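**Student:** The structure follows.
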């Protein structure tokens, strides 16, 4: 015992000694720090702003230049300041920053946004003009012309979006914008941020600190955060935010810091060195983007996926909720002073939404910034974070004022919010005609529907409204405007810095798409080898002009190959345009900064590619073997590659659409190549078309290369000059340098036009859904059951369960078998991404789901919940059988039997989060198509249609039945309409088990209630329904029966009943040691997420996954699974006699019906292809006018064959190129529908190829009739119809080739490259540039497998195969055809059958590829 006391005393002495030494060390460190800071304070302000005092490696403080701050030092500095120990680390950090400004009385800039009498209207067509079809596109064009010249009346209707709205968004107060869909929220946000869409008419006044929008640059003063997530899929999250930070710059941050340092020096104030260093790093070029990006990543909770690519629907990346946060982060990294945020919580769980809004609120309050945020379903705890609320309805402001007073106003209007009702939900539902009456609380007056206009009038006479008008009547004192508040410079950084940022981004994208560039280079090399082999040593002993012309054909093909190699720039450029347009609106950079880096990046690549091509072709063909000739030849072709890239980028910028760009690209190349001087010699060009010859860059390229070769020493005795003259080329050597100069100028011109188009043209096809007032009323009244369906508290749902079941039993009488699903120990893992391995993660596999078990039963509605990235969608994909990548372990049973995917697809439905549908069908047609293919074949047509009508009524889609689905974010249905249609598409399939991924995401409270009412009614019919859900309101959450709660890492932490008022869920978590009690009225869903975070686990010292696995609840669930897996006697597994619901013939009929509807409405494809056929026909008719009547010389025949080769060459290439975007646009829909077991791949494939036949025939007739008549071919029935037939079959096999190529390609870029190889090989062996008899014997066989050769054979021999007219050489045309081309008239039927066989072969390859290949990674 004595020994213990002595030891204890010694230990106490040692502890005191250590504590004393520690205090001495801290005092010494503080003295060193103060000395270093005093030294820094003596520096001039400019130097002081660029230097800081930090602790060095040796332990002492030293002065460092911020420019030399390394990555490790920057990270350490960031971690020191952003202390994560405190839950309120963000607020504490902001307060420390603000405190530093307050100590020197330095006021930060603030912005007060006012809007007075703001009106926004749009014009829209009414009637059939609103539904695009091939026919009415032409009719509308003519009507539009008639309207312009005032021959026809204007049939547009003016739609009012915002009606005389006025208000004030105050700095330092967080304002919430609420309103139902179509109320004008997005329009108001855009109008206030200075980004009103093109086509909308705006009147009224918007001011910032008393300054109107034209007095400063609103794009850089205010940040608008769109509800649509548009990002480059190949960039990581960090790269996306860093690029945004670079472009937006530091604003006035550096000037404010300099002023702060000056005042601190005057007052002898020494700041915290670490905070000082971080503030300086955040405004120093080269460091700002890193510091701010890391800060925003931490605030938004994106650190976990910072180095993961964003991805898209075809490329796996981050989750939908994470994408939404990236969209928000893009603006937060900038220096803007006012934020207008549109639906930033879509796809986020309620806990994450709360944390993000809380962080934004802290920023707004501490720095007096301005923010107006639109949310669809704000949970109560998030709603309470806001200071003010604006409620918008039908374009009228219903209320604007303090959040805590909003209920008082509606009580003044006679309405009262029930208990346990979310205020935000109540505020949105009260504007609905169907929901309003239940909140009426004035017994003295009978209820009458109160419109938004009436609410607005009531607000004006309320004291809140009078106070608002009084404030608006007093103008803002412009003298109080801080000079740094409003931005007056167009861009946030210098032009050079913006160019560098775009160049860096482009280099990253090129690295990520390196495979595409490698394949494109490989395409060029293969084509070069083909040309080199075909023209192998053609001029060993050139002795005639004919030899020279054959050789000139090699030059023509080489130039054509290089020109077409730039075609892949079309899809690559257009894919990036949506991001460009978004960033253009934000004034991130000038248009040339977007286009120029692509030219710079591809410049060395192009020169290397062309060098390899020239090495292959120059020596195999046998060009002049002197160094100057070789270098000059290479230089022209290298510049030709640059010209080609510039040309196709220019076409992409002009057309802005995949289909239209492919069409116009082919048209441009056809025009240019026709006037290259080879297809049609200069002497044969009509005088009125000589301008086209002189403006064609191809003419200068062909002339330069030809002059360089034929004026060389290899072509002696004037033979080279004779060859040039025979085709009308210039013979003077200076034409080489003229050609070189013309190439450089055309390249520069293309880039200038590209930049101008990017700067001034709007995004292609933008058209939003507009609901006219009468349609709104119809939407409100289409449900015949009226208010019996409109209860908004879930108690009303349960009160109606019996009634609903009875109603459903009477109406929805299509039978189904109730099924349950169990699963045990489900583990899902993927290969660890390369980006994560580069960060030091050594595991080969990344586990996303970790040993999950559970059971889903009929009549039980299960919520699958968890924070973003917990694995909710992943689990649903695994259970539904939609995963095609990764590694799945565990067991899945359906009603006790092992799950068989083919049978399971027949009895299950999956509502995907991304709402993937065919854009050119109407709502009703989409439902009819789904029911047609998925309901049992014994259901008659009448019953099926009645069933569809009832589903549409249930989900309130009747008012939208004739509306096109449209493209997401561009046209057609709104987000919430699209979501409801997704559910309806699955419900009409009458599934026994239904999976729903985020069914309420993107919906407002009322739409979410409609959806959940539908879901509840579906469950009550005895179906098994599982929903992932992010941010449910109390009402929605408590409509579920059971909860499957996941945490990060894919582990289950609660699987069981929710209970009345969430009692069982609350009881479970409150029973865990250390978990606090839920607050009265708090959302249980949000509370469950908040108390189970990883941070809470660290605080409590528990792992919730382990707690669950040790609980009685876990054991009960295991027993339940075991019990359900015990198959009862006489039970039978799900079995169907066929894999699909419908026969192959019915599948084909349904798919063909859908293709017919889509094609008839696909104006950019079919109307453009008809117009293209007419344009090309007229163009070639003019160029080759009356050429068919001339048959006196070989040159006449050559020119005529050249005209025919356009069908085989250019028209066919255009057809193959334009069909690719159409097919690939439907591919994602095909993956969803095939995954749902709707049809086999073969009926789908055959419907795709069959639907092309009538449209191709129409195109062939349009082109053929025009060309045939204008060129003047012989007017006999047989020759005319043969010409039409060979034109038709040549276009058709080319279209089938394009379809085939896209079916074996993961994306359009790869398809473009593969198509380039095929097109070049067909052109080389078509027999135009080098006829078959002139080919080497060992190569002639290839013409038999070349459709281009057969196509030209058929067109030529049908016209000239029986012509006995003698040529100037003495031989007849028939003899010339046989001797020169190898064509014989009696071979005509063989040619016809062969071309049909080629078409069928390409169809077979397409069908086979569609069946076995899947490029979607899930």
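Every residue, even glycine, has its Cβ placed from backbone N, Cα and C.
Pulled these features from Swiss-Prot for this protein:
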REGION    1-27  region 'Disordered'
DOMAIN    147-419  domain 'ABC transporter 1'
BINDING   179, 180, 181, 182, 183, 184, 185, 186  ATP 1 binding site
TRANSMEM  516-536  transmembrane segment
TRANSMEM  548-568  transmembrane segment
TRANSMEM  600-620  transmembrane segment
TRANSMEM  634-654  transmembrane segment
TRANSMEM  659-679  transmembrane segment
BINDING   866, 867, 868, 869, 870, 871, 872, 873  ATP 2 binding site
DOMAIN    1146-1360  domain 'ABC transmembrane type-2 2'
TRANSMEM  1167-1187  transmembrane segment
TRANSMEM  1197-1217  transmembrane segment
TRANSMEM  1249-1269  transmembrane segment
TRANSMEM  1284-1304  transmembrane segment
TRANSMEM  1310-1330  transmembrane segment
TRANSMEM  1341-1361  transmembrane segment
TRANSMEM  1387-1407  transmembrane segment
**Student:** To the nearest Å, how far is the Cα of residue 184 (ATP 1 binding site) from the Cα of residue 870 (ATP 2 binding site)?
**Tutor:** 34
**Student:** Take the transmembrane segment (516-536) and find every residue of the same chain, 6 or more past its ends, with a Cβ under 8 Å from one of its Cβ atoms.
**Tutor:** 510, 550-551, 553-554, 557-558, 561-562, 565, 568, 572, 605, 608-610, 612-613, 616-617, 620-621, 1307, 1309-1310, 1313-1314, 1316-1317, 1320-1321, 1324-1325, 1330, 1335-1336, 1339
**Student:** Taking residues 6+ outside the transmembrane segment (1387-1407), which of them lie with a CB under 8 Å of any CB in it?
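**Tutor:** Residues 1241-1242, 1245-1246, 1248-1249, 1282, 1285-1286, 1289-1290, 1292-1293, 1296-1297, 1299-1300, 1303-1304, 1347, 1350-1351, 1353-1354, 1357-1358, 1361 contact the transmembrane segment (1387-1407) from elsewhere in the chain.
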**Student:** What are the sequence-distant neighbours of residue 867 (ATP 2 binding site), meaning same chain, six or more residues apart, C-beta distance under 8 angstroms?
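**Tutor:** Listed in sequence order, they are 349, 351, 352, 1047, 1048, 1089, 1093.
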**Student:** What is the separation, in Å, between the Cα atoms of residue 873 (ATP 2 binding site) and residue 181 (ATP 1 binding site)?
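**Tutor:** Spelling it out, the Cα of residue 873 (ATP 2 binding site) and the Cα of residue 181 (ATP 1 binding site) are 26 Å apart.
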**Student:** Using all protein chains shown, find which of the binding-site residues 182, 866, 869 scores highest when you count other CB atoms within 10 A of its CB.
**Tutor:** 866
**Student:** For the domain 'ABC transporter 1' (147-419), what is the mean per-residue pLDDT, to the nearest integer?
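**Tutor:** Looking only at the domain 'ABC transporter 1' (147-419), pLDDT averages out to 88.
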**Student:** Using DSSP reduced to three states, classify residue 866 (ATP 2 binding site) as helix, strand or coil.
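**Tutor:** Assignment for residue 866 (ATP 2 binding site) reads strand.
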**Student:** Short question: most Cβ pairs under 8 Å with the transmembrane segment (1341-1361), which of 548-568, 659-679, 1310-1330?
**Tutor:** 1310-1330
**Student:** Between residue 186 (ATP 1 binding site) and residue 866 (ATP 2 binding site), how far is it from one CA atom to the other, in Å?
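**Tutor:** Between the Cα atoms of residue 186 (ATP 1 binding site) and residue 866 (ATP 2 binding site), the distance comes to 29 Å.
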**Student:** Within 10 Å of residue 182 (ATP 1 binding site), Cα to Cα, which of the binding-site residues 866, 868, 869, 870, 871, 872 are there?
**Tutor:** none
**Student:** Are there at least 3 C-beta pairs under 8 angstroms linking the transmembrane segment (1197-1217) and the transmembrane segment (1284-1304), leaving out pairs fewer than 6 apart in sequence?
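**Tutor:** Yes, the transmembrane segment (1284-1304) and the transmembrane segment (1197-1217) are in contact.
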**Student:** Beyond the listed site residues 179, 180, 181, 182, 183, 184, 185, 186, identify every same-chain residue whose Cβ lies within 8 Å of the center of their Cβ atoms for the ATP 1 site.
**Tutor:** 392, 393
**Student:** Please list, in sequence order, every residue of the chain apart from 866, 867, 868, 869, 870, 871, 872, 873 whose Cβ lies within 8 Å of the Cβ centroid of the ATP 2 site.
**Tutor:** 319, 349, 874, 1046, 1048
**Student:** Using C-alpha atoms only, work out the spacing between residue 870 (ATP 2 binding site) and residue 181 (ATP 1 binding site) and round it to an integer in Å.
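**Tutor:** Residue 181 (ATP 1 binding site) has its Cα 30 Å from the Cα of residue 870 (ATP 2 binding site).
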**Student:** Please report the distance from the Cα of residue 871 (ATP 2 binding site) to the Cα of residue 185 (ATP 1 binding site), rounded to the nearest angstrom.
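**Tutor:** Residue 871 (ATP 2 binding site) and residue 185 (ATP 1 binding site) have their Cα atoms 32 Å apart.
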